[in-house]
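In what follows, a single structure is set out as structure tokens and then discussed.
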Amino acid sequence: MIDRYKHQQLRIGSVSPQQISAWATKILPNGEIVGEVTKPYTFHYKTNKPEKDGLFCERIFGPIKSGICACGNYRVIGDEKEDPKFCEQCGVEFVDSRIRRYQMGYIKLACPVTHVWYLKRLPSYIANLLDKPLKELEGLVYCDFSFARPITKKPTFLRLRGLFEYEIQSWKYSIPLFFTTQGFDTFRNREISTGAGAIREQLADLDLRIIIENSLVEWEELGEEGHTGNEWEDRKVGRRKDFLVRRVELAKHFIRTNIEPEWMVLCLLPVLPPELRPIIQIDGGKLMSSDINELYRRVIYRNNTLTDLLTTSRSTPGELVMCQEKLVQEAVDTLLDNGIRGQPMRDGHNKVYKSFSDVIEGKEGRFRETLLGKRVDYSGRSVIVVGPSLSLHRCGLPREIAIELFQTFVIRGLIRQHLASNIGVAKSKIREKEPIVWEILQEVMQGHPVLLNRAPTLHRLGIQAFQPVLVEGRAICLHPLVCKGFNADFDGDQMAVHVPLSLEAQVEARLLMFSHMNLLSPAIGDPISVPTQDMLIGLYVLTSGNHRGICVNRYNPCNRRNYQNQKRSDNSYYKYTKEPFFSNSYDAIGAYRQKRINLDSPLWLRWRLDQRVIASRETPIEVHYESLGTFYEIYGHYLIVRSLKKKILFIYIRTTVGHIALYREIEEAIQGFSRAYSYAT
């Protein structure tokens, strides 16, 4: 059983048959070895007790009730004086019934069986390692053809006669017909190989280091050839090079994890603990069983039939043996991944059986729903809404959620400040929502980040840290620039909020997970906090400098005509309105706030002389002279005031309040980055 305090991670991979046997086999106090499931039965229909050596056997998986054996005898668990520790009649140990949650069994397969995940899933690991087409391997696994054994050291009858090539489709129909079971088995063990056993032999004969060396040499040779000019040939070479890279990476992974390639072919099939595939009795005496039990029964039935053909019958044609091996392979495929080879297996009500893959994968699978999707303490969930006034690293938490998440911290603060004598008094103050509670909550939240998560968490930016602030309402406020990392929008999306408790978690959240420290995509390095949608429209309206706004465009001529009519009627206004001059941006924004000018009204703003805007060859549109000798050179977007000696006195640029506001925001941001950089250096 996994100790949650000693194990911090879980790795899924291939294991050896010896490891499977060690997990599932146990030795009883009388020296008897149990663990192999040999019968396809579950419960006896009369006694309603598990069948011996069946899928729910108490000898293999442990007692159903703690300390009670199959005979009904009782022993105190953990009492060393009680002897013996198991029932001598039924062989059931007197242990805790929770052992049935983790005690495994195994099925000894009569023939090797290829693990369908490694064969049929793309990319096929077995096909990559053997460097053979997937169709050819499938035909070999499912006994569609055979081949002469390439690893036999002794000269064989077929090799001496030279009658057959590497692959011969007709062997399937010719050879088995002339051999009985015993003769065919001897002939096959020496002369030919078929089924998953052939795959296992080839995988066992592989040298992974030689595969890496040969693949690298071939990759370099293909790279030296260069482009041939033929597009089809170049693509073929490119696909081959990609395949060699995948093959090298796969071989390195096997070496690094100490996994042998032949472990991808099963000789022992693990049987899940009974509590993970239960049979439940419902009202009316009916039984509900996990689909995996029926799939296990199918495997055991076919495996026992094959065992009988190989051991008891001596006159069975070899063709029947090969056919039964194929049925065992298909039964194990259905158990591991139902429907991967075509039509899935269904029950009497035309319902598809749920295999291991269906139980594990997907949103409702074991990992995402049960292990990763469990409800946890110090967490909440609510709809997100836009918070444009928030900083990039802040989020708005509703008061209702915040007081629940930080309740223990608030209680500690109330007791430390002697505002409550005990926990009960502190909780009553929180229920009554006294003003002092919100003050302490503000103090607690200032130094405590929170984690926001939006499912599905597909990459690192799916969970980010924020500094929480209290907001009114019942929705979480989020800065719009962080939405792309979460793949979120404000059309009803929900996000979960978590409170990191330990000091290590808080440090990790502050140093690695804060939103303003994750501005680039971890996948491609491009900026991920970029304005989109509403922000782009707002920037356009802010800097358009157009009285018509965004409602008029070339696709809406009606409004343009109305605007032109309005412009003709108010021609005198446009003709005689004087554009105001401002010495600095503060005066311009102040005039806008006093409603003396509009957001898009053109104006002249004095510019600094050190920031030149003059084009070298640009000529003025108009020149105005004054009586004192100064004159104004008017250009398209700026104006220059010169003295009598043509010295530049002032420079004005033609802009709007919207442009000024955007420029000031950008300037403040640049100055902030500069200060932060200077502090860092």
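Using the three backbone atoms N, Cα and C, a Cβ is placed for every residue, glycine included.
What Swiss-Prot records for this protein:
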type	residues	note
BINDING	Cys69, Cys71, Cys87, Cys90	Zn(2+) binding site
BINDING	Asp489, Asp491, Asp493	Mg(2+) binding site
Cys87 (Zn(2+) binding site) to Asp493 (Mg(2+) binding site) - Cα separation in whole Å: 58
For Cys71 (Zn(2+) binding site), the one of Asp489, Asp491, Asp493 that lies nearest, given that the binding-site residues are compared by Cα: Asp493
Check: same-chain CB within 8 A of Mg(2+) site center, minus Asp489, Asp491, Asp493: Ile384, Ala488, Phe490, Gly492
Same chain, 6+ residues apart, C-beta under 8 Å of the C-beta of Cys69 (Zn(2+) binding site), given in sequence order: Glu58, Pro63, Phe86, Cys87, Gln89, Cys90, Val92, Glu93, Phe94
Other same-chain residues whose Cβ falls within 8 Å of the Cβ centroid of Cys69, Cys71, Cys87, Cys90, the recorded Zn(2+) site, in sequence order: Ala70, Gly72, Asn73, Phe86, Glu88, Gln89, Gly91, Val92
Site of maximum Cβ density within 10 Å, from binding-site residues Cys71, Cys87, Cys90: Cys87
Sparsest-packed of the listed binding-site residues (Asp489, Asp491, Asp493) - C-beta count within 10 angstroms: Asp491
